[in-house]
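Just below is one structure, and these are the notes that go with it.
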Amino acid sequence: MARPAAVSPAMAAAAVALLLASSSLVAAHDYSDALRKSILFFEGQRSGRLPPTQRLRWRQDSALHDGADAGVDLTGGYYDAGDNVKFGFPMAFTATLISWGLIDFGRTFGAQEPHARDALRWATDYLLKATSTPGTVYVQVGDASRDHSCWERPEDMDTPRTVYKVDASHPGSDVAGESAAALAAASIVFRRACWTGRRRCSRSPTRTAARTAGAGRCATRCARVTVTTTGTRTSCCGASRRRVYRDYIKRNEVALGASQSINEFGWDNKHAGINVLISKEVLMGKDEFFQSFRSNADNFICSLLPGISGSGGHPQIQYSPGGLLFKVGNSNMQHVTSLSFLLLAYSNYLSHAGAHVSCGGAAAATPAQLRRVAKRQVDYILGDNPLRMSYMVGYGPRYPLRIHHRASSLPSVSAHPARIGCKAGAAYYASPAPNPNLLVGAVVGGPSNTTDAFPDARAVFQQSEPTTYINAPLLGLLAYFSAHPDPSAAAAAHNGGD
């Protein structure tokens with residue numbers, strides 16, 4: 001993809017300043033509280049037998065026989081959105097992004113770091129089950145069509161729990177690769193949890209063994225999944241640092257698609273994330289061969305900067321009048337959080353290297369500018385928008401009350417012990433009343449066009465449905481800004497090491 005048209009430094013700075021101007025008139029946010037709540041959201045998405053430490057008490061055990069028809073234990077994991085299906089691809093991406101946030105910004109999570117690791121472990125425990133059969137990855141539990149025709153609590157669901165898998169006869173290297181990447185990234189988090197708290201771990205041999213064993217299982221399974229199912233080993237590169245993985249990337253740069261400067265990053269497209277992450281090798285002076293990834297990353301970052309993205313290079317990136325980054329499609333907040341996370345991560349790598357982003361001609365952007373754009377998106381989510389509405393449930397004085405979420409919109413089992421059948425839930429779905437159960441921390445899809453409008457209607461799932469892959473990138477962002485609320489003065493916060 002061509003580099004964006006040249007823009008003068010003055011024009012770029014003016015555009016960024018214009019975008020940020022509206023945020024200067026509102027009170028500072030409590031990013032620590034938002035972080036706590038955004039992690040709590042994952043407890044509302046849990047499937048399987050809930051632990052005694054469950055804090056969201058209106059949820060109860062569900063889907064306790066998942067996988068039984070296929071002769072495998074697939075209990076646990078997350079429902080990825082407002083339905084009751086477990087999709088392996090979004091779940092693996094969720095685990096990858098929680099891990100990335102903890103790897104790069106773990107020190108800024110503070111008291112919430114153990115809870116974030118718990119959220120990660122809930123996903124990886126399931127992924128370990130889903131990859132327990134050699135040569136096979138189980139990638140979905142539940143018949144999506146049948147599930148979506150019902151409106152019932154996960155505790156009541158009686159729709160088919162059909163199991164789907166990929167293997168040599170039914171290939172699916174994309175979901176297998178993401179599963180391996182999630183396990184590899186998680187192994188770094190779990191291994192580091194003992195390294196950074198060595199004294200605490202040494203006083204608790206049981207805890208030490210559990211953490212190190214978890215890291216080892218994830219790393220070992222990563223290698224097996226990538227080799228047997230995809231024929232490649234690249235997903236394990238970050239966890240092992242073995243030269244063979246680095247050499248594989250070099251030999252297959254074009255085949256991997258990493259040379260394409262595509263400004264997409266989400267559970268079904270990793271191009272921008274690949275370029276940003278591998279650019280770290282260049283910026284840290286570890287491998288100049290990957291310079292093309294750095295160029296692609298710069299192109300991607302420039303496509304997100306106001307005044308540059310609209311200059312003809314990337315017209316699909318827009319900003320609403322209220323300052324929200326917008327891409328055509330459903331659930332816009334998934335783009336907002338994932339792209340903002342990459343802005344923050346790249347600014348971190350640039351800060352360490354004393355570098356900036358080159359946007360063609362004389363135009364350039366500093367790490368501080370990238371952080372300001374990312375923070376502006378976070379602030380928009382938390383209420384700095386024309387509606388003065390937080391798009392995180394339970395945060396601030398005004399937030400969505402009628403989210404598209406079965407468990408949240410139906411009475412809890414404790415409040416209504418009798419079963420609510422597949423079609424009996426339709427009355428609750430159509431009700432204009434607020435959801436009876438507060439899914440604290442859930443971030444919904446948000447405005448779906450450039451008008452900043454939001455109907456707060458359960459039926460408009462494109463705008464009112466929360467997902468795990470909206471929240472996952474947000475954790476790192478909230479943690480960072482809780483420790484560095486002023487992006488201009490913030491220092492690089494990378495943990496170092498992996």
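Backbone N, Cα and C atoms are what each Cβ position is placed from, and that goes for glycine too.
Among the features that TrEMBL reports, signal peptide is placed at 1-28.
Over the domain 'Glycoside hydrolase family 9' (31-192), the average per-residue pLDDT in this prediction is 96. The feature domain 'Glycoside hydrolase family 9' is assigned by TrEMBL to 31-192 (among others).
Residues annotated as domain 'Glycoside hydrolase family 9' in TrEMBL: 241-478 (among others).
What TrEMBL lists as active site is His404 (among others).
The Cβ of Asp456 (active site) has 17 neighbouring Cβ atoms from other residues within 10 Å, across all protein chains displayed. Per TrEMBL, the feature active site maps to Asp456 (among others).
Residues or ranges marked as active site in TrEMBL: Glu465 (among others). Non-local contacts of Glu465 (active site) by the CB criterion (under 8 A, 6+ apart in sequence, same chain) comprise Ala81, Gly82, Ser331, Ile403, His404, His405, Val444, Gly445.
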Let me check the 10 A CB neighbour count of His404 (active site). How many other CB atoms are there?
24
